[in-house]
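Participant: Pasting a structure here, questions to come.
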Amino acid sequence: MTGTLLSISGLTKAYPGVVANDTVSFDIQEGEVHALLGENGAGKSTLVKMIYGLVKPDSGTMTWRGEAFAPPEPKAARASGVAMVFQHFSLFDALNVAENVALGMEDPPKMRDLARQIRRVSEAYGLPLDPNRTVGDLSAGERQRVEIIRCLLQDPKLLIMDEPTSVLTPQEVEILFKTLNKLKSEGTSILYISHKLEEIRTLCDHATILRLGKNVGECVPAETSARDMAELMVGDTLQTPTRSTEKTGDVMLDVSGLSLQPTSPFGTTLKNIHFTVRAGEILGLGGVAGNGQDELLAALSGESTTWPDAVKVKGRDVGHLGPNARRELGILAAPEERLGHAAAPDMSLVENALLTGLIRKNLTSNGFVDWAGTTAFADEVIKEFDVRTPGSDRAARSLSGGNLQKFVIGREVLQSPEVLVVNQPTWGVDAAAAASIRQSLLDLAAGGAAIVCISQDLDELMEISDRFGALNEGRMSDIRPAAGLSIDEIGLMMGGAHGMEVAHINEGADA
Amino acid sequence: MIKLEKRAQPSRTLALSTPLIAVVITMIAGGLLFAALGKNPFEAIGTIFWEPLFGEFAFYYRPQLLVKGGPLILIAIGLSLGFRAGIWNIGAEGQYIMGAICGAGAGLAFYPMESIFIFPIMILAGALGGWVWAMIPALLKVKFGTNEILVSLMLVYVAEQLLASVSLGLLKNPQGFGFPGSRNLQEYASAHNAELITGTGMHWGVLFAFIAVIMSYVLLNKHILGFNIRLTGEAPRAARFAGVNPTRLILFCLGTSGALAGLAGMFEASGPAGQISIDFGVGYGFTAIIVAFLGRLHPVGILLAGLLMALTYIGGEIAQSNMGLPAAAIQVFQGMLLFFLLALDLLTNFRIKFAVKGAA
């Protein structure tokens, strides 16, 4: 560490109705991995967008190696040596890796030279990637490598990574961390945004914690317990979900020989999936995104129909039934994509309550909607699940991601399902709300429901599941009791590191 | 630099006021157009909007407002259901013609018998004719995934050929001295769609249009089917998750819009037009698309938009005959209305921000 690379002082950015960043100050040293920690809505994204030139601060200054730094646009930030890997990839499925990389460059070299550069960088940093493969066929981890390599080709001084591990298997996380450590040893600084405390403790030299737009503390993660950091982040003592005594009952959901062709060209084929879930039990399903999670949820919710006996609820064949017929039998689902799938963005929360609540809450008579009853149901969800909104007449898209997620989960839980299938139930939800969502799932199971929880958050799955399985390329791993599973075993169940056969980390590459 | 920023909540005020703003801008742009044609723009706009309502001959033009507005509203209500769900029936003109042919044909089949059952039978036949014509694109879409826009539009031209054929053949008036056209239904009491109140322009078709407005309002706001229609249009994936059957919805929306267009055609043929003739189709089916959007696909909006459109039709005709404005200029004027409306539409969901370009 030779000095300060980027010094941020008093940055403030206000949006109508909310101060996203309130006089935030911290320094990033040369060659350090600096963590930016905070819940959703704490202002992490706004802060890095200011560094990357996407957003202009209202007040405050930044200095880059002692000189004033105020990038008017990302191009200027990139010219200074700032590179960013976004949480959501901006890649074109139909193009190959090299073409995608070229699209993000100011002045791309010839395709052949670019492919060679990509190979060189990917070997130097232990990020196995073939420049000629079509992006549509890549796993989420490989897609992320495309983004990282796109950044590394710019030879950055500061690499910003926004929640990079949310889509990776443990083995892939390990590869990523090796790469980041290598970059660090070469003097590149990394600003690492995450809310996963354990990773920050292993990887980062220094952490800045944001809460409600303010810098509420700094720490050296290796010397601070995860619990202390979490409490700084939330500003409150954290409730860990509690499980009641375990007792499981009859088989509620029985999936056997479920195979399904995807409806979209880059979807995943489900291949001969078998599992059962008993009353009172939570089955956690891990796996890297894009390995059949959406398709499995669709097959269980009834959006995709199959052979009648591929899915059974309480011994009844339901594989051929549509969503509403299944709801009638007590099988409910909450898909991952909140806007456009679980909820209609431009419709009010009342209308969105009707969207799935109509059958079990009996919200129509002779086809006419009982709007008073629907409003009462929406208000109940808002109240019980602490959804922060001025009223149930608001459009779904006006809610923050976390609040809408609470609404979507609450809407299903309050219909007292017998089988509940959720995909990414706490994705993008702040720690306190995530804990309350998990608690509600545990309570539901304690009440005798069978729950399938599909998630990419392994900590979450370990916290609530009784048994654990993983999806890998549309296949289901063996299902094993969750207690006592090691992280290595889980990683192998998830299919290990995708594309490891071409991986070899070249430790001594030119520095 | 001008930037568009998505609104968190669609603006209600703007959703209601954009049609009015669009009308004003159309008046300005239309005025410029008329000025470029060498006409006095104020006089032209005045003729189009003022003359039919309050001019010297308003007693004649006012009933015309209902006569012309009725079919537009009836067709547009049907179209709006499909448009709400993202199902694009562009061929209402063809369904209108087929409804007219079937309705008039059913009536003429009984000629010269007089019975109170003839008119109801014609109504059913008219609705059925339009429904069948709309079922063609619907079934092709459901079975083979064809594009309903193309199929329904092309069927308009098929319907026009059929219209020419029956005007010259099957339905030709045997006592018509060889003129291409059917008997005049206005002279056939049982089949005549007469004015319900003399001198108002109010005939059965207008009454049906008003009923359609109310039914559509109830359907969209109170009934689960209407909810499913709106849901499908706004978030197709969420609609599937909510258990909406897309096939049934396509059949319902196209079928309903076809039946209503057929009804409009039948009422027109048996009332104001009086007969099936080779130039029966005057483009109500296409203008209704403008009416549907001008009314924001909302039943009450469509009611108002239909009357406004009828006004520009009537006013346009007056301007043509009094001021010698070309018919094409009037059509451009009507087209502008839709154009400006769609452009302004953006404002309900986005706000314009005038950002200062990077000062650094």
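Here the Cβ of each residue, glycine as well, is placed from N, Cα and C on the backbone.
Look at TrEMBL and you will find B:12-37, B:65-83, B:95-111, B:117-140, B:149-171, B:202-220, B:249-267, B:273-294, B:301-319, B:325-347 tagged as transmembrane segment.
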Participant: Can you work out whether the transmembrane segment (B:301-319) touches the transmembrane segment (B:249-267), with the criterion being 3+ CB pairs under 8 Å where the paired residues are 6 or more apart along the chain?
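Facilitator: Per Cβ check, the transmembrane segment (B:301-319) does not touch the transmembrane segment (B:249-267).
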Participant: Six or more residues beyond either end and a Cβ under 8 Å away: which residues meet both conditions relative to the transmembrane segment (B:325-347)?
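Facilitator: Distant Cβ neighbours of the transmembrane segment (B:325-347) are 4, 11, 14, 18-19, 21-23, 25-26, 29-30, 33-34, 37, 39, 44, 48, 287, 289-290, 293-294, 309, 312-313, 316-317, 319.
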Participant: For the transmembrane segment (B:95-111), name the stretch out of B:65-83, B:149-171, B:249-267 with the most CB-CB pairs under 8 Å.
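Facilitator: By the under-8 Å Cβ criterion, the transmembrane segment (B:95-111) pairs most with B:249-267.
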Participant: Spell out yes or no: are there three or more C-beta pairs under 8 angstroms between the transmembrane segment (B:65-83) and the transmembrane segment (B:149-171), with each pair 6 or more apart in sequence?
Facilitator: no
Participant: Other than its close neighbours in sequence, what residues sit by the transmembrane segment (B:249-267), given a CB gap under 8 Å and a spacing of at least six beyond its ends?
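Facilitator: For the transmembrane segment (B:249-267), the sequence-distant neighbours (Cβ-Cβ under 8 Å, at least 6 residues beyond its ends) are 70-71, 74-75, 77-79, 81-82, 85, 87, 89, 92-93, 95-104, 122-123, 125-135, 137-139, 141-142, 148, 152, 193, 203-205, 208-209, 212, 225, 228-229, 232, 284-285, 288.
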